[in-house]
Every structure is written in C-alpha cells, then in structure tokens.
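*Asks:* Starting off with a structure, shown below.
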Amino acid sequence: MQSYIAVNIDMASLKMLICVCVAILIPSTLSQDSHGIAGIIDPRDTASMDVGKISFSEAIGSGAPKEPQIRNRIFACSSPTGASVARLAQPRHCHRHADSTNMTEGIAVVFKQNIAPYVFNVTLYYKHITTVTTWALFSRPQITNEYVTRVPIDYHEIVRIDRSGECSSKATYHKNFMFFEAYDNDEAEKKLPLVPSLLRSTVSKAFHTTNFTKRHQTLGYRTSTSVDCVVEYLQARSVYPYDYFGMATGDTVEISPFYTKNTTGPRRHSVYRDYRFLEIANYQVRDLETGQIRPPKKRNFLTDEQFTIGWDAMEEKESVCTLSKWIEVPEAVRVSYKNSYHFSLKDMTMTFSSGKQPFNISRLHLAECVPTIASEAIDGIFARKYSSTHVRSGDIEYYLGSGGFLIAFQKLMSHGLAEMYLEEAQRQNHLPRGRERRQAAGRRTASLQSGPQGDRITTHSSATFAMLQFAYDKIQAHVNELIGNLLEAWCELQNRQLIVWHEMKKLNPNSLMTSLFGQPVSARLLGDIVAVSKCIEIPIENIRMQDSMRMPGDPTMCYTRPVLIFRYSSSPESQFSANSTENHNLDILGQLGEHNEILQGRNLIEPCMINHRRYFLLGENYLLYEDYTFVRQVNASEIEEVSIFINLNATILEDLDFVPVEVYTREELRDTGTLNYDDVVRYQNIYNKRFRDIDTVIRGDRGDAIFRAIADFFGNTLGEVGKALGTVVMTAAAAVISTVSGIASFLSNPFAALGIGIAVVVSIILGLLAFKYVMNLKSNPVQVLFPGAVPPAGTPPRPSRRYYKDEEEVEEDSDEDDRILATRVLKGLELLHKDEQKARRQKARFSAFAKNMRNLFRRKPRTKEDDYPLLEYPSWAEESEDE
C-alpha cells in the first residue's frame, strides 16, 4: 500500500512537469493540429496506405485492417514489489518405462444369445363336426341353429390316413363323460379321399374330405350333420426352455417338443397323462400332396381335447443351441492388461473386455454347437488368409466378454517368428551345426503338419507354443525398451531446457515469466526467485501518443521508445480504480514497451542519432518513426513475417465414422415369440372363410349384474344372514331369469308360434261346446242326463184310445207308460250305482295300499277287515230288493 501511494505521488509530479514542458519547450516540428499531444489511438481506424507527412492523430484515424493477426490488447505493467513471487521447478528424475502392453493377434468368432425360436413341422389331425338346423317353407332355407366343434382322430385311423390317404366319414368322440357318434350327411360310414384345400398359406397346408356344412329340405325343419376330416401341415415354434410350443392356428400345446418316455435323465415338461402320448418307432408318413411315403422315423403323437398332433421325435442337444454365431473377425487383437483382456475388432469399431481365465464352455446348457461352429469358421478363415504365412498357436480359447458375448479366439504366429526362435534356442543349447539343421527340420516337420485346412501344430503343440511365446516376448521386450529410451530421452531434454530457463530469467525476466504464465506479467529478480506482478489491460481509448520522441529541454537526448499518456480504466475489474474512485481521471506518463506493454515512466533514453528509423508495435499495427518523429502507421501485413516455429511432421488421427451395429435384426426380433402374429391372423381369416354362413351371435344382458350387486349389498351389510339372503335372491332371480329366457326362446321359435295359435283356436271351440252343454243341462237336465226318456218338445203325442175304448182301457194304457218310465229310471239308477261302486272299490284299493305302506313303516299288523272293507248299499237299493 505504501509503494502504491508513492507511485501516485510520482505520477502527479510527472504530470505537472509534463504540462510545464509542453507549454514552454514544445518542439517546432510538431504540427499545429496536434499541439504536441496525439489524440486517442484506435488502431481499428487506421489505414494501410502511406499518406505521407500527416499528424499522428490523422494517421490513427485512417482505419485498421480487416483481418488482424496480432492481438489488439495493450497492458500496463508496474514494477513488482515482491508481494507475489515464483520459482522455477527443479529437474525431475527420469523414469525408465520398461513395461509395455502385450498384444496377441489371431482370429475371433463372436457368439451371441440365440433368441430365435425352434421351428419344426407338425401334422394336425381332427374332424370338424358341424350340426346345422334349417327351416324352409317353399322358399329359401334359413339357418336357425348351428353347432361347430373339433374332435381328435384316434391313432388307428391316423395310421389308415397316412397309409391310404383316406379318412372315415364317421366321428367318435367323448364329451361330458359320454361317447357320441356323428356321421357325415347322416349317412352310413364310408371312406372319403383327402383332397387339398384351396385356402393355404406359406406356413400351413390343409387337406379335407368335404366342403358342405348345411343340408335342407323343401318344407319344415331339418337338422343335418357334416363331418369334415382335416389334416394340416403346420409349423410349430418353441422358445427356451422349450416347455411348450405353439402353432400357426393359435393353439398351444403344453408339452415339450423333446418329450420322451424312454429317458434316463430328467423328463421334460408335460401336463398330459401318459395314455395321451404315444411314441412309435419306424413310423412312415405319407405326403398327402405328392403321395410319396417318407423314410421311417420315430414319431410322436399327442391326443388333445380338439385334435391329435404328430411330429418327429428329436434329440434336444442336436436340434437346438442357446448360442448363435454373430460375426467372424479375421483380424483380431487381444491386448493384455493387468486384470483383463481386451479384444479389439477394428473392422467392427468395437472392443470386448473379459477376464484372463478362459471360460469353461461345458458349463453352458445346450451349447454343444459352439465348438463345431467356431472350429468350422476359424478353419475357413485360416485356409483362405493365413495358411501360407502363419501357424496356429494352441487350441481355440473361449472368453466370456462384457455384455453377454462369447468370444472364440485362435492365436496365430508367423513363420518368421517361429524360425527365429528355433535358431535362438539352438544357439543357447550349443548344438553342432549339422545336427542343428537336422533337428530343426525334424521339429518343423513334427510340429507343423500341412493339411487341407492349413498348417497346424499337433505333436509338440504346447512346447512349440511356449517357445514361440518366448520369441515373441523377446521381440516385445526390445520394442518396449526402445519406447522407454525415447521417453527417458525426452525427460532428459526437459531437464536440460530447464537450465536454459534459469539463465534466461537473469536476462529478461519479463519475457520469460510472460511466456510461462501465458499472460502479460511484470517480473524482476529477487535473488533466486522472481517477483511477479499482473499487468492491467488499458483500453485503447485511454491512450494518447506523442508525435515526437525527442526530450524537451535537451536536443541531444531522445527517447528510445515512443512516449505516451494513459489512464487506468474506471471499470470495477481494474485494480487501480478499486483503491480510489478519482484515480481514473489521473493522466500517467509512460512509454510504449515491447509486445503492447506500457512502461510507467520515461526512463528509456539515448543520444539522438542521425537517420533514425524505427518501427514500434501498437495494437495490431506498427508505428513508423523517422528522425524521432511519427511518420505513419504501417499494417502488419506489409511487413514480411519470419516464423521461428518448426512444423512437426506428424500424422493426425483419421476420421472414423461410428456406424450402428445391430446385434439382432428386425427379422430375428419378430421371430422371438412362440406365436407369429401374422401367421395367426392369416390362419384365422382363412378359417373364417371356410364357413361363410356363420353369423355373429349377440347375447343381451339378462340382468345378472344387477342381482349380483344386490346380493353383494346384502352380504356386505347384513353379514352371514345377508349372504344367505343374497344367495336366496340370486337363486330366485336365476330361476325367474331362466323361466323368462325359456319362454322368450320358445316364443321366438316359429313352430312355437304356430302351435300356440292352433291351441288357442281349439280352446275357443272347446269352450263354446262346453258352454252349450252347460246351458242344455240347466234347461232340461233329464233329457241331457237320460236322452230318450222324455220325448223332445214338438213330438206329437201317441194317439189315445179313449175315444174308441172304455175308460178301463185308457187307465191301463197310462199305467203301462208309467211302468216303462220307471223301468228306465231304475236302469239309470243302476248304472249310477255301478259307477259309484266302481269308484269306491278303486278308492278302497288305494286306501288299502296306503294303509299297508303305513303299517309297513310302523310295523303294525294288518287285519283282514282292513284289507277287504265291506261295501254299504244305499237304502233305495234295499227297498228295490224287497219289492
């Protein structure tokens, strides 16, 4: 703080001195417009042309170049006080880099997880039963009901189908614990040929026996049955762990495609009972399309509720594999690090990391295909590319890479390295020359055998690998030593350059520290360390240059660098303005230093010389002074630049475009599921097109949800009693709904409506007849009950003989009529008595039977009177007998 105040006092004194000198001793060489002090310098307004003898302020205003190449920033640096010091580092100890990365070239095959399903062919056997009810009334028939179902075909009939290509028109099936039979067209059983169906896809082919699904008659109802025997060739899919498989029909079968009864290991998954599954050895299948019989194979048959399915028996280890080959890499490099291997695949722009211990592939389930596939791929690459230049080193090694990739790696070694190691081994063993050649030739013959797939180390594979690895290690150590020597030499060069820096700080500490710090600083030596102070950036509008470099008052002395007056910036970042808000108005005398640096004070002077010509850098351009007087401003582009840099001829990294790598293609992802959606939809569409008379059945809501909600309300509100009440409500509601549904279904039938109409007409007729009978009974009961007993009204009376007989004869005639009437009445009463007696006997028999049953349950003895009760005759019968 004290040094800073001292600087301020000196600046005020210099300001007063300059004002006095300018007023009294102004040089005559200055122009009238400048008045001894140039205006504000703005290099951006300078021009590149030579304008001759003009004032400094006019030259500054001529413009700046369009593309500056020099930094247009000016800094004012004060003398360091020692508050901030720095020291140069001491020489370092140069470490020898003896170790290097171990790399091995070879061939790699990368495996990935196999997500594709296992696809195999199956044959579906079933009979399609359609029961159709039609109604016709001298018009087009209408379908009133239709029932469709599928039933499986038994094994014995399947054998006949595969042998002769014919199927029976009879279907026997079991439903609801009962056996049923259905016949095609309701006719006797017969053999029908299986013909190809016109509707088929790429994944399914069907053969059937009939196309008819309905038959009708001209009048009335008819229920007919059609039995279509169907055989379909389909593709089935199963995914790991292969516990079930699905077909293009949309059906799934809950059994493993590799299921077998005869196995010593654990049995595969199955939810079916053993009697449903059959294994037939040496079974021959007929191709219904070509008629050819296939070679005999082991065949599996499974009977489901709706179909019978057959497929060839397969070995699981030979048919499926949990890994699949992804890519083959002819040029792979294995880089060894401390705890891992890095497999670099340059062509694929990928690197896989793995542990150093080889992976035991026998640990994987269903991965027996990997060694075979890897060996075939590596043998092919080696035969095409490396058979004449390299030999194999050891067997194929497997490593489990990051991300779930299995890497099969085959190490390679060039013939030159092998021969070089053999010669080195011969010299170390001190063998005779002739013997060396014979043994070397024998080793090469025994270790390197030529075959159709190329050279291969067989007899001494492990020893040869050890020797070749040793030779490779020797070469690798030599390369690593060379790189280590380069690094050590670079370190020593830096230590020697450090000594040069120590000497340069004694000559020009400012330039040295500015170069090291990367920004303008002021520095001076304080013994063995350097005091450093930060330079403050001065805005170019706060700088005013003088045209003359001559010292006022002494014509023989001149300034070695241009003189100027500047002011510190008033911005908050300025250290000068932070101490006093009035210091930014203070004009400070200084000189233009090197590299756009402003030196405080005017201490750089020299005796004036003749033919003086100097260029000084200010901002982006140079100021030209001749005879210590400003002439013009020169653009930096007008001065030829001499570069001190030596270009390093190094090849930069080439552009490398990273491309997306698809581990699984879209086709593979589409085939991951057990069922293929496209195939299922296509099959369902084909299936619906076979039967064009099936309409959508719409069933209305019967109100079950409302009654169920009422029952739940009772159960939640009243507890157990509510549950019981809810059960009663649901039962009653179900009964009512069933009754109403039955009545509605009955009324919706045309036959029911016709029957009801006939019944109504008959009832009306019977009612009219009954009404007439009752009215006749009320008006003339004797005539109704005893027809003929009384002559009907309007009958002429019998002619009387009283006109021609005496009175006695007339009385005899009337008595005879009464006797006849009484006889008829007695006969009617006798008939009534017989009917009544007969009814009593029937009633007595029923009463006796009921009493016997009660006595039987009560163990009460029966009596003869109870068994045969006496009949009581009416009184009028006894009187008639007495008469």
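The count begins at 1 with the first shown residue.
The backbone N, Cα and C atoms fix where each Cβ goes, and this holds for glycine too.
Sharing the feature lines straight out of Swiss-Prot:
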type	residues	note
COMPBIAS	806-817	compositional bias 'Acidic residues'
DISULFID	Cys77-Cys535	disulfide bond
DISULFID	Cys94-Cys491	disulfide bond
DISULFID	Cys167-Cys229	disulfide bond
DISULFID	Cys321-Cys369	disulfide bond
DISULFID	Cys558-Cys608	disulfide bond
CARBOHYD	Asn102	N-linked glycosylation site
CARBOHYD	Asn121	N-linked glycosylation site
CARBOHYD	Asn211	N-linked glycosylation site
CARBOHYD	Asn262	N-linked glycosylation site
CARBOHYD	Asn360	N-linked glycosylation site
CARBOHYD	Asn579	N-linked glycosylation site
CARBOHYD	Asn635	N-linked glycosylation site
CARBOHYD	Asn649	N-linked glycosylation site
REGION	134-140	region 'Involved in fusion and/or binding to host membrane'
REGION	216-223	region 'Involved in fusion and/or binding to host membrane'
REGION	694-748	region 'Hydrophobic membrane proximal region'
REGION	724-744	region 'Hydrophobic membrane proximal region'
MOTIF	868-871	motif 'Internalization motif'
SIGNAL	1-31	signal peptide
TOPO_DOM	32-750	topological domain 'Virion surface'
TRANSMEM	751-771	transmembrane segment
*Asks:* Return the residues near Cys369 (disulfide bond), defined as same-chain residues 6+ apart in sequence whose C-beta is under 8 angstroms from its C-beta, sorted by sequence, else 'none'.
*Replies:* Cys321, Leu323
*Asks:* CA-CA, which of the recorded positions Asn102, Asn262, Cys535, Cys558, Cys608 lies nearest Asn121 (N-linked glycosylation site)?
*Replies:* Asn262
*Asks:* Find, among the disulfide-bonded residues listed as Cys167, Cys491, Cys535, Cys558, Cys608, the one whose Cβ has the highest number of other Cβ atoms within 10 Å in the structure shown.
*Replies:* Cys167
*Asks:* What's the CA-CA gap between Asn211 (N-linked glycosylation site) and Cys229 (disulfide bond) in angstrom, rounded?
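*Replies:* About 10 Å separate the Cα atoms of these two residues.
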*Asks:* Take the Cβ of Cys229 (disulfide bond) and count every other Cβ within 10 Å, whichever protein chain it belongs to.
*Replies:* 25
*Asks:* Are there any residues at least 6 positions away along the chain from Asn262 (N-linked glycosylation site) with a Cβ closer than 8 Å to its Cβ? List them or say none.
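*Replies:* The list for Asn262 (N-linked glycosylation site) reads Glu279, given in order along the sequence.
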*Asks:* If you measure from the Cα of Asn360 (N-linked glycosylation site), which of the recorded positions Asn102, Cys535, Cys558, Asn635 is the nearest?
*Replies:* Asn102
*Asks:* Restricting to the topological domain 'Virion surface' (32-750), report the mean pLDDT as a whole number.
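*Replies:* Looking only at the topological domain 'Virion surface' (32-750), pLDDT averages out to 74.
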*Asks:* Reported as an integer number of Å, what is the Cα distance between Cys558 (disulfide bond) and Asn635 (N-linked glycosylation site)?
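*Replies:* Their Cα atoms are separated by 25 Å.
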*Asks:* Pick from Asn121, Asn360, Asn635: which of these glycosylation sites has the biggest number of other Cβ atoms within 10 Å of its Cβ?
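*Replies:* For the glycosylation sites Asn121, Asn360, Asn635, the Cβ with the most other Cβ atoms within 10 Å is Asn635.
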*Asks:* DSSP-wise, what's the residue breakdown of the region 'Hydrophobic membrane proximal region' (724-744) into helix, strand and coil?
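*Replies:* Counting residues by DSSP class gives 21 helix, 0 strand, 0 coil.
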*Asks:* Specify the secondary structure state of Cys321 (disulfide bond) as given by DSSP, simplified to three classes.
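*Replies:* The residue in question, Cys321 (disulfide bond), is coil (DSSP, three-state).
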*Asks:* Nearest of the recorded positions to Cys167 (disulfide bond) by CA-CA distance, picking from Asn102, Cys491, Cys535, Cys608, Asn635?
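*Replies:* In terms of Cα distance, Cys167 (disulfide bond) lies closest to Asn102.
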*Asks:* Looking only at Cβ atoms, how many others are within 10 Å of the one on Asn102 (N-linked glycosylation site)?
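*Replies:* Counting Cβ neighbours of Asn102 (N-linked glycosylation site) within 10 Å gives 14.
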*Asks:* Across the region 'Involved in fusion and/or binding to host membrane' (134-140), what are the DSSP residue counts per state (helix, strand, coil)?
*Replies:* 0 helix, 4 strand, 3 coil
*Asks:* To which of the recorded positions Asn211, Cys321 does the lowest count of other Cβ atoms within 10 Å belong?
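*Replies:* Result for the recorded positions Asn211, Cys321: minimum number of other Cβ atoms within 10 Å at Asn211.
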*Asks:* To the nearest whole angstrom, what is the C-alpha distance linking Cys535 (disulfide bond) and Asn635 (N-linked glycosylation site)?
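*Replies:* That comes out at 26 Å between the alpha carbons.
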